[in-house]
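Structure first, commentary second.
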Amino acid sequence: MVPEPGPSANSTPAWGAGPPSAPGGSGWVAAALCVVIALTAAANSLLIALICTQPALRNTSNFFLVSLFTSDLMVGLVVMPPAMLNALYGRWVLARGLCLLWTAFDVMCCSASILNLCLISLDRYLLILSPLRYKLRMTPPRALALVLGAWSLAALASFLPLLLGWHELGHARPPVPGQCRLLASLPFVLVASGLTFFLPSGAICFTYCRILLAARKQAVQVASLTTGMASQASETLQVPRTPRPGVESADSRRLATKHSRKALKASLTLGILLGMFFVTWLPFFVANIVQAVCDCISPGLFDVLTWLGYCNSTMNPIIYPLFMRDFKRALGRFLPCPRCPRERQASLASPSLRTSHSGPRPGLSLQQVLPLPLPPDSDSDSDAGSGGSSGLRLTAQLLLPGEATRDPPLPTRAAAAVNFFNIDPAEPELRPHPLGIPTN
């Protein structure tokens, strides 16, 4: 987190003598801060353990989530407890040498969390707008290099300026006695805020807005493909059925409505993600710049805005997996749930594309069997096996019992935009119906 600016120069506090007095904050404030700290540490630890223990979640995209949850976990374990004591007592009550170290970790962990959010948006952007080239571009070594680059930038924006004293340039006033508030100059605040917040937030807005536009545009395309090629899908799967024009028309309308709801859900998802990010962090960084200019923000208000930014580390492990179907399923397997055995038995008993000896298998959807035409600027040229075809035909992938893939299959351009956070696919599952025995 960018240190609080102000006209005072030195970041080395003057320490009062004697033991610390009783905390000035109320019991409700202390209890609320303890709940925030416990929830932040528990939620991020749970999701890190979930990704590490569940093979279905070990893929390149979730590597960025592990980095995000690690930075948020460090905020909850390293940054929040001293900040709580500092807010309750009104002064720094820990060892004097820990003040500068804690401030550096504060800046590094919060900056790393914001930069990891930027990497996640970039990963979603590449996956949805260029799905055929995603695995060629976002390889595990490149993902690791991006994560290391984010943490290196966060460390350079925190430890290096504090150790070299760049934040003290141009100041000569003594510090406030007993306080651990890093007072920085306006140039340092502008540079640090731009590198760790304004540039990443601009990239996040750009990528998510592009995803939103693609979701709205391609939801209409998916609905038209679903309506126009339902009969072709039936012939591809060789599922005989009796034509019912009235029922098919109603089904087409329901499918179009469902696609519209999926696009709306994608829009709401983006709104929630962007809204929570800017609500928690934008007030703090605006207050940083205002304080550097006029020194007119009280310490109490600045503490409130600081904790509002900390709460972003509490919300990230709740908001992001909330829209990811794989996390929900893995969490149901990871945590004991009384309803899980009954739901699993009901799922096994339901008629679908299964045999009596093969176990549960994934159902076929329209996106797996329909030739989906790609726009002219698509990445169809990267498909070496297409043979110059203008469409992309994805066949159903049937897994053997107990077989699992480490990375999810590449989504098509039409379905990925609506399903950019692993929302349940919009296409109906096609199930074969047994043929009746002919009678004379």
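Glycine is no exception: its Cβ is also placed from the backbone N, Cα and C atoms.
Annotated features in Swiss-Prot:
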type	residues	note
TRANSMEM	28-52	transmembrane segment
TOPO_DOM	53-62	topological domain 'Cytoplasmic'
TRANSMEM	63-88	transmembrane segment
TRANSMEM	97-122	transmembrane segment
DISULFID	Cys99-Cys180	disulfide bond
BINDING	Asp106, Asn288	serotonin binding site
TOPO_DOM	123-142	topological domain 'Cytoplasmic'
TRANSMEM	143-167	transmembrane segment
TRANSMEM	186-209	transmembrane segment
TOPO_DOM	210-266	topological domain 'Cytoplasmic'
TRANSMEM	267-293	transmembrane segment
TRANSMEM	300-323	transmembrane segment
TOPO_DOM	324-440	topological domain 'Cytoplasmic'
REGION	346-392	region 'Disordered'
COMPBIAS	362-371	compositional bias 'Low complexity'
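Per-residue pLDDT, averaged over the topological domain 'Cytoplasmic' (53-62), rounds to 90. Across 28-52, 63-88, 97-122, 143-167, 267-293, the stretch most heavily in contact with the transmembrane segment (186-209), judged by Cβ pairs under 8 Å, is 267-293. Using a cut-off of 8 Å between Cβ atoms, the transmembrane segment (63-88) and the transmembrane segment (267-293) share fewer than three residue pairs, counting only pairs 6 or more apart in sequence. Across the topological domain 'Cytoplasmic' (53-62), DSSP assigns 7 helix, 0 strand, 3 coil. The transmembrane segment (267-293) is in contact with the transmembrane segment (300-323), judged by 3+ CB-CB distances under 8 Å for residue pairs 6 or more apart in sequence. It is 28-52 that, among the stretches 28-52, 97-122, 143-167, forms the most Cβ pairs under 8 Å with the transmembrane segment (300-323). In this structure, the recorded positions under consideration are Cys99, Asp106, Cys180, Asn288, and the one with the smallest number of other Cβ atoms within 10 Å of its Cβ is Cys99.
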